[in-house]
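Engineer: As annotated in TrEMBL:
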type: TRANSMEM; residues: A:6-25; note: transmembrane segment
type: TRANSMEM; residues: A:46-73; note: transmembrane segment
type: TRANSMEM; residues: A:79-101; note: transmembrane segment
type: TRANSMEM; residues: A:113-138; note: transmembrane segment
type: TRANSMEM; residues: A:185-209; note: transmembrane segment
type: DOMAIN; residues: A:186-402; note: domain 'ABC transmembrane type-1'
type: TRANSMEM; residues: A:229-254; note: transmembrane segment
type: TRANSMEM; residues: A:266-289; note: transmembrane segment
type: TRANSMEM; residues: A:310-331; note: transmembrane segment
type: TRANSMEM; residues: A:384-406; note: transmembrane segment
Amino acid sequence: MQTNQLLAMFCGALLVLGLVAYLLGRSKATRVRASGTAMYAQPDQYAWFTVLSTAGPALAIGAIASFIMLLLGADIPPMLLLASCLAIACVGLVIGINMVRPDFHARQAIERVIRFILAGAAMISIFTTLGILLSIVFEAVRFFNMQNFWDFITGTVWNPGASFLEAAGRAEEGATAAQFGSVPLFAGTFMITFIAMLVAIPVGLLSAIYMSEFAPQRVRTVFKPVLEVLAGIPTVVYGFFAAITVAPIIVAVAGFFGLEASFNNALAPGIVMGIMIIPFISSLSDDVINSVPDSMRQGSLALGLTRGEMIRDIVIPAALPGIISASLLAVSRALGETMIVVMAAGMRPNLSFNPLEDMTTVTVRIVAALTGDQEFGSAETLSAFALGLVLFAVTLTLNLVSVIMIRRFREKYRVNNL
Amino acid sequence: MRQSFDDISAQLRARHRRSTRLKWTSMGALGLAVLFLVLFFADMTVKGLPAFQQAQIQVEIDYSEQASQLPLAAVNEDVRRLVSRGYLRLIPGRMRDNPELLGTRHMEWVLADGQVDQYLKGHHTRLSANEQATVEALKQEGRAELRFNTTFFTNGDSKMPELAGIASAAMGTVFTLLVTIAVAFPIGVMTAVYLEEFAPDNRFTQLIEININNLAAIPSILFGLLGLAVFISFFGVPRSSPVVGGLTLALMTLPVIIIATRTALRSVPDSIRHAAFGVGCSRWQVVRDHVLPLAMPGIMTGSIIGLAQAMGETAPLIIVGMVAFIPDVTNSFTEAATVLPAQIFTWAGEPDRAFIEKTSGGILVLLAVLVTLNATAVVLRKKFERRW
């Protein structure tokens, strides 16, 4: 029988049992109450408790059994599993009905179960992080069994193409062995990130300064959401914009100055990524600058500073931890940004400092490795996970440092809303 | 050294000039950012608007015996190249469904070939001089014109630009987002309720908190790797399906919803809770009957924003295979499907000039939906905003 049919039967049966449990629990509780006995809880609460005692164990057993089947490959006949789950549900129903007694605190019992369920939901975020880490590490280890870790970190040639022939058992036909040296990929990534920051940090920070220090309230309420529109534009759209509009402009401008530029130059994705990140920096910096206590502004103005000097010498230094934190988060975003570079940066690993040349990035190679027609176990496919692991490590570090910086700021000025 | 008053006032002037300069520079930065936005929207609109128009030409269709076998024979040879081949292919089927058509001839408005479309829009085409003359003549007679492009909204993807549309991608988006919201919304709200209303402040909850903030900052492509390794390889969820795409996006949206919900819950004043506890409510009853309903507008706003983010996301979906070529409209959660951003990505990779137009057209539709979603969120917030 199909898995989804089985699942549908299970859910259907459980729903019916749950309904029966509710009605029986409620009617029993109502009967007891009608007989004049004082009860600790309302009939509804007893009814819900019966439902929980019916469905809860059955769901738990079903989930555990499916996990065992998937993880250990144990072969439990599905019909047997279904039958035993429903049997447990029936037992739970009987027990639940029996528990409907005047001295039973049904409300507290429900409360405990709900607290348990809510805590379980909260665990999912931890599971997700663990899942990301484990799945990437697991596949990356398989990759490092095939390729030397040190060569991966320090190698300057990324040439996975030859592994295609190796995987087909025709290694000798490839002129060179596959090489997985990630340095050019990271160089390209950092170059594009650097260009993005060159655009985003000055524009974003100055916009934030204007909005929080100079602009009248009216201007601020208009322009803050307008800037946030920039953040809401999907990255695939930015990628198209970079490839179709910005790259040709850069080629033309470079040509005007007598420079040769590639159509996949690093400048176009860098600039567009910078534009994408502007609202991110401006919005965070704006919050931070606004949280600098007004007493500091008043004090510095009273000492005769001009507004500009106050901002430069008092407000910005005070807000610096927050601003650095925002910039680090922005760097982390730029490093992991995918669609813009997939569409507008090159595919060729190129170790160069000229932003007019084509370059590739880590995320581009991850996408390339996983959308090719390779089998899943091949070195090229697995290299995506190795790259992902390094990306994860770098962005995690940046995020954590940024959290520490913002916490320091918060403690210094006792701000609550950051 | 003593300074004269003139020196001091000159110094002051210079200092104030510097201050004003900072004001104008920062204003200029904001202006630059807004200018980017304006340029971007102008560029996309100019490129994308033509996609909503499509060339049609009026030709005589000959429903002959021969045409039911060989669809090309249905139109006269001199205009054959000008009619969309994909359209002609439908003719035998139509003749089978309506037998009375056999042997008749009709003048009909039909979909023109993509090249004719580009010619009429004044772009470079691959039409020969002869064919261009024919189109020109048809245009003079009023038998070739640009009309509103319904195909774009009713068709799935196609390798022929004149037939390519966004219907299948739109349907795929709907299915994927349904999965996303069905998973992310309850889990997100439950997590937030736990952290705000139930959890004690201990190591465990701090760990969860740090985790959620960290998840919000992890690059989206890594969620794609997670989806590939866990959902597809491990659990065997069908590749390219709305289920796997939706689950991946749900994990990505989760932190957004959690953070928004926590803010909303925190803004409900404690007096409400004290009052409810005071009349003997249990913790869950306080949350369910009093705090959650009051926080709902804030939760909805956050969820809509999270949904809009998920809707524009592409990178993780590429990794889990949702960039498939999908000509038919999907109607199941487990079949291969594509979503609007992925469709845009696919079209952007097509070399044909006509696809640039399609891509920009798709972008305009996507942006329109996203702007509507975000505007809804803003309106909701304005409408239900409450100062306690």
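Placement of Cβ uses the backbone N, Cα and C atoms for every residue, glycine included.
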Engineer: Do at least three CB pairs under 8 A connect the transmembrane segment (A:79-101) and the transmembrane segment (A:384-406), leaving out pairs fewer than 6 apart in sequence?
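Structural biologist: No, the stretches stay apart by this measure.
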Engineer: Given a Cβ distance threshold of under 8 angstroms, which distant residues of the chain, six or more beyond its ends, lie next to the transmembrane segment (A:113-138)?
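Structural biologist: Those are 52, 56, 385, 388-389, 392, in sequence order.
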Engineer: Determine which recorded stretch among A:79-101, A:229-254, A:266-289 has the most C-beta pairs below 8 angstroms with the transmembrane segment (A:6-25).
Structural biologist: A:79-101
Engineer: Can you say which of A:79-101, A:185-209, A:229-254 has the most Cβ pairs under 8 Å with the transmembrane segment (A:310-331)?
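Structural biologist: Going through each listed stretch, the top one turns out to be A:185-209.
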Engineer: With the transmembrane segment (A:266-289) as the reference, which stretch in A:79-101, A:185-209, A:229-254 has the largest tally of C-beta pairs below 8 Å?
Structural biologist: A:185-209
Engineer: With a Cβ cut-off under 8 Å, give me the same-chain residues at least six positions beyond the ends of the transmembrane segment (A:229-254) that come close to it.
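Structural biologist: For the transmembrane segment (A:229-254), the far contacts come to 260-265, 267-269, 271-273, 275-276, 278-280, 283, 337-344, 356.
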